[in-house]
There are 2 protein chains.
Amino acid sequence: MTTPLLLRAARGESVERPPIWLMRQAGRYMKVYRDLRDRYPSFRQRSEIPELAIEISLQPFRAFAPDGVILFSDILTPLPGIGIPFDIVESKGPIIDPPIRTFEQVQQLHSLEPEAACPFIRPILSTLRQEVGDRATVLGFAGAPWTLAAYAIEGKSSKDYIEIKTMAYREPELLHKFLNHLATAIADYLCYQIDCGAQVVQLFDSWAGQLSRQDYDTFAFPYQKQVVQQVKAVYPDVPIILYINGSAAVVDRMAATGADIVSLDWTVDIGTIRQQFPASVGLQGNLDPVMLFAPQPVLKERALGIIEAGRKGKYIFNLGHGVLQGTPEENVGFLFDLVKSLG
Amino acid sequence: MTTPLLLRAARGESVERPPIWLMRQAGRYMKVYRDLRDRYPSFRQRSEIPELAIEISLQPFRAFAPDGVILFSDILTPLPGIGIPFDIVESKGPIIDPPIRTFEQVQQLHSLEPEAACPFIRPILSTLRQEVGDRATVLGFAGAPWTLAAYAIEGKSSKDYIEIKTMAYREPELLHKFLNHLATAIADYLCYQIDCGAQVVQLFDSWAGQLSRQDYDTFAFPYQKQVVQQVKAVYPDVPIILYINGSAAVVDRMAATGADIVSLDWTVDIGTIRQQFPASVGLQGNLDPVMLFAPQPVLKERALGIIEAGRKGKYIFNLGHGVLQGTPEENVGFLFDLVKSLG
């Protein structure tokens, strides 16, 4: 069995063309997904019943044959396993009630026993590996400590992050204690995903881009680094990708976490970033997801421009954020075909 | 009559301490504002009836004696004057119905006759000048073409800007025509504000930070520059401030518009930016608005750190975005007192 393209690229081997997968490549923009969702309206069902999560993870694989297949899940999935239950309300997002606000609540959290807490992970990932064989790389993922803490402390999606930032300024030791607990649990969770078959893992710190540089360095960076180090200590050869949305002000710090690949949002010029990093630092990205609504010649020109700049070093093609609801499926197919046609 | 501090600083004169004003320093966080809003629930009333707009603009002046007093208004205020009516629904934001989507709609727009379209501007600004005298500088403001076009094309606040970006990719000539029309109208509007008494003006391109670098350079930058040039052609000595939220990826371009002062969001390190620009480029900012929820010693330390870095060149203290609803008024007062106590 040969090593699949994305894994070879992520390891820094020279490859025949850039690999491609798309964040949120499974989801509402696909008719097969919407049909399945009508039958299983609960997000937690869809992501935690192995047959459903496997089916959804494979929907884009069957439609577009991406080089990476990521398990269908949510960044909050491991939280109940440490004592923070949540629900996802369709079109409103996650709800954590009560939110985490006190020392006592953090004190009562327990460590993650992934096999017991997330028994669906092994059947999902091992089946995905069997299904895709060497035709694609199977990716696992987790949310980073700052972002998971933000959900848990705010209790829901937030615009301004007043609750978590106020905790950072008023009770920094409480927040550090919580972040440290999360970092350990997240690293354990990623190690478990790797043990179950994930060949590459991505850490999403979706909301760390809302921090001042000083707060990023105090409350986000050290815990990203802790997760990376803890995973690398067990699986030194498994590539780790770090994604932050709105990361332009901290992108220079992302590689310093020890992550192998920095996943860029669409606001930064990838050519400029490529020059700032040594060639050994991998980049992933960074097409504006709205570009998938563009006419195909425009989409093609922009994608090729990004690829030309990106592939001057270790590189994986992706969007700068997840595929948007309403994205035309035929344009997603066009983009996959385009990248896969490159020599 | 002496020239007020903020105006002297904005012109690049050396000043005894950094001037301070806060974006959205008038608004819902103030009890006097909420009381007035209960009596006058329509935002358009509050911003377009001179007595109300003057009263609201002066509420923070009376409470905190800021160095700058900005007229209470909205970036959408001039739109009806070119043929785009709007309404602001409390806690939902602006609604433009029908949104601008066709060549015919753009064709039918007319030029702005500020005196006829916005008759409230002169009494507001001239009264503010009389009221504050040389104790503060009166600021005018307008939305920049990309941001106003985004509102008009999306029809409401947006998260992903799919409509305007899709127009940019499918019908760029239509969007350019609209942006050009807006740029002329906005410049005329700012010139009118200056004629009515504004001593400094700020251009808000709140949503230009959501663009890829290439799209920023194509659809936002040229029209920011057009507005600046058109105002400078009439009022070469009136300082212009440019603010973009989420601007970390394009902050190097902001000064290239010809704006005198670049207003930074809170995600960037102002010390680093200070070193990237020549000393002649002014900076404004950039405290995280959530810092106003912090204990006062923490707030003080962060504000002083920013000021120390900022005042190495032309500098105005401000937040990195507007004051948030729920901000403790006493902390706003503390921040004003702190900056005003500096030697």
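Glycine is no exception: its Cβ is also placed from the backbone N, Cα and C atoms.
Note on the domain 'Uroporphyrinogen decarboxylase (URO-D)' (A:19-28): residues 5-6, 9-10, 34, 37, 56-57, 59-60, 64, 66-70, 72, 137, 139, 243, 316-319, 321-323, 325, 332, 335-336, 339-340 of its chain, located 6 or more positions outside it, place their CB under 8 angstroms from a CB of the stretch. Per TrEMBL, domain 'Uroporphyrinogen decarboxylase (URO-D)' is recorded for A:19-28 (among others).
The substrate binding site annotation in TrEMBL covers A:Arg24, A:Gln25, A:Ala26, A:Gly27, A:Arg28, A:Asp74, A:Tyr151, A:Ser206, A:His321. The Cβ of A:Arg24 (substrate binding site) has A:Gly322, A:Val323 as same-chain neighbours under 8 Å, each 6 or more residues away in sequence.
Neighbour list (A:Asp74 (site 'Transition state stabilizer'), Cβ cut-off 8 Å, at least 6 residues apart, same chain): A:Phe43, A:Ser47, A:Ile88, A:Pro94. Per TrEMBL, site 'Transition state stabilizer' is recorded for A:Asp74.
Under the heading domain 'Uroporphyrinogen decarboxylase (URO-D)', TrEMBL lists A:139-155 (among others). With a threshold of 8 Å between CB atoms, the same-chain residues lying at least 6 positions outside the domain 'Uroporphyrinogen decarboxylase (URO-D)' (A:139-155) that come near it are 21, 68-71, 73, 75-76, 78-79, 84, 86, 94-101, 125, 161, 163-164, 167, 175, 178-180, 182-183, 186, 189-190, 193-194, 196, 198-208, 211, 219-220, 223-224, 226-227, 242.
Local packing around the Cβ, expressed as the count of other Cβ atoms within 10 angstroms, is greatest for A:His321 among the binding-site residues A:Arg28, A:His321. Taking every pair among A:Arg24, A:Gln25, A:Ala26, A:Gly27, A:Arg28, A:Asp74, A:Tyr151, A:Ser206, A:His321, the residues listed as contacting substrate, the largest Cα to Cα separation comes to 23 Å.
In the predicted structure, the domain 'Uroporphyrinogen decarboxylase (URO-D)' (A:19-28) carries a mean pLDDT of 97.
In sequence order, A:Ile75, A:Leu76, A:Leu79, A:Phe86, A:Pro94, A:Ile96, A:Gly143, A:Ser157 are the residues of the chain that are 6 or more apart from A:Tyr151 (substrate binding site) and have a CB within less than 8 Å of its CB.
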